[in-house]
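This report concerns only the one structure given below.
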Amino acid sequence: MSAAKLPKSFVWGYATAAYQIEGSPDKDGREPSIWDTFCKAPGKIADGSSGDVATDSYNRWREDVQLLKSYGVKAYRFSLSWSRIIPKGGRSDPVNGAGIKHYRTLIEELVKEGITPFVTLYHWDLPQALDDRYGGWLNKEEAIQDFTNYAKLCFESFGDLVQNWITFNEPWVISVMGYGNGIFAPGHVSNTEPWIVSHHIILAHAHAVKLYRDEFKEKQGGQIGITLDSHWLIPYDDTDASKEATLRAMEFKLGRFANPIYKGEYPPRIKKILGDRLPEFTPEEIELVKGSSDFFGLNTYTTHLVQDGGSDELAGFVKTGHTRADGTQLGTQSDMGWLQTYGPGFRWLLNYLWKAYDKPVYVTENGFPVKGENDLPVEQAVDDTDRQAYYRDYTEALLQAVTEDGADVRGYFGWSLLDNFEWAEGYKVRFGVTHVDYETQKRTPKKSAEFLSRWFKEHIEE
């Protein structure tokens, strides 16, 4: 192990999302989001479940805060349920005081315990009423105004205690999984809608950031940014075709959001392939969008090998996987087909982002679902050897990126604090460092939680 340490200011903790943990879908005035609706559609969720109960964190949040405290974290990243705060979502719709009070109390408790809140405004749960009213993210003018209004209410209600804001979590997933292949809510299948939705989300993000900077930043002193998801990508072999495919895949996954937000324009390969199906920014919009994130929020889990080909335009006509040309695997297989352990890729990705986009990086999600863990009794599930090995590799890569390569990485959040509702997989896949018995809601720390607590204690300057 390296003797080098992360700076004293480095923050670490765990991340969650409202729909994955809260439950209580209609308690205290909350109304449905598109995920409540989507879960009711037959065949959409692998085990036929929903987030109706999840980890019951709307009621058990104090227990969650105490768990965070016991793990010694410095920060906690969580998301707000828009339809808990403005049940019907719109700028003319009534505000739900009970929803604001709930989050205010949670934030106050975190601050009291010395845990810094990192608050995500949108983690995929659009109020259903807005989807019904005007098609949600497909409607540029309406969606931007309603999101900005919601953001403003959150800045007003919580901004005196919250210094770290994230507008959107993983717009790639929202647009591609929600509007491209239909695997996630609202379940649309289209080859044009994802580009429209992406475009509108980038603009909604930029409008919310401008509002924060104009009206709140000076008195509240916080920072605001966005979280993008990306794997590290490596050419499958040494051919020019694989190298070009890798660059193209990176633009289609990451560049489609990062380039406009940090550089002010869409990447060249996307423009070339999509032509006039790619919406254009006006000069005024470019000015608004460019530089609209104070940091780079990164969700990353794995590395993929890339080769040219395939019919998937949303991915950039590439094929990806974990099997090398010689038949060996990149790393340990997880419970999700797309995820294997590969620590070196994490180090390379951190270096790439820091250099390419010139902003401090916060790793806002990183984690591993152990293969078959859901089938194990709790006594075995907590002895999560593969997850511990994953975190050992990834924390070491983080340390090397910061202390050896000089990458400006300022925070790290493990996914997730708890086993929870894993979207289309339902409750079959477990990402938590804390085991949850869904029958009783009993929380039991896994060995990986112990490992991370110890590692960060040893590797952050006193």
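Just so it is clear, glycine is given a Cβ too, placed from its N, Cα and C backbone atoms.
Annotated in Swiss-Prot:
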BINDING   Gln20, His123, Asn169, Tyr301, Trp415, Glu422, Trp423  substrate binding site
ACT_SITE  Glu170  active site, proton donor
ACT_SITE  Glu365  active site, nucleophile
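Within its own chain, Glu422 (substrate binding site) has Gln20, Pro369, Lys428, Val429, Arg430, Phe431 as residues 6 or more apart in sequence whose C-beta sits under 8 angstroms from its own. The number of other Cβ atoms within 10 Å of the Cβ belonging to Gln20 (substrate binding site), over all protein chains shown, comes to 26. For Trp423 (substrate binding site), the count of additional Cβ atoms within 10 Å of its Cβ stands at 23 [all protein chains shown].
Listed in sequence order, the binding-site residues from His123, Tyr301, Trp415, Trp423 having a Cα within 10 Å of the Cα of Glu170 (active site, proton donor) are His123. In sequence order, Tyr14, Ala15, Asn299, Tyr301, Glu365, Asn366, Gly367, Phe431 are the residues near Trp415 (substrate binding site), counting only same-chain partners six or more apart with C-beta under 8 A. Under DSSP, Trp415 (substrate binding site) is assigned to a strand (E or B) in the three-state scheme. Gln20 (substrate binding site) falls within a helical segment according to DSSP. Under the DSSP three-state reduction, Trp423 (substrate binding site) is assigned to helix. Maximum C-alpha to C-alpha distance over the listed substrate-binding residues Gln20, His123, Asn169, Tyr301, Trp415, Glu422, Trp423 is 18 Å. Sequence-distant neighbours of Asn169 (substrate binding site) (same chain, 6+ apart, CB under 8 A from its CB) are Ala17, Ser79, Thr120, Tyr122, His123, Trp124, Thr227, Asn299, Thr364. His123 (substrate binding site) falls outside any helix or strand according to DSSP and counts as coil. Within 10 Å of the C-beta of the residue listed as 'active site, proton donor' there are 23 other C-beta atoms, taking all protein chains into account. Note on Tyr301 (substrate binding site): other Cβ atoms within 10 Å of its Cβ, all shown chains, come to 25. A sphere of 10 angstroms centred on the C-beta of Glu365 (active site, nucleophile) encloses 24 other C-beta atoms.
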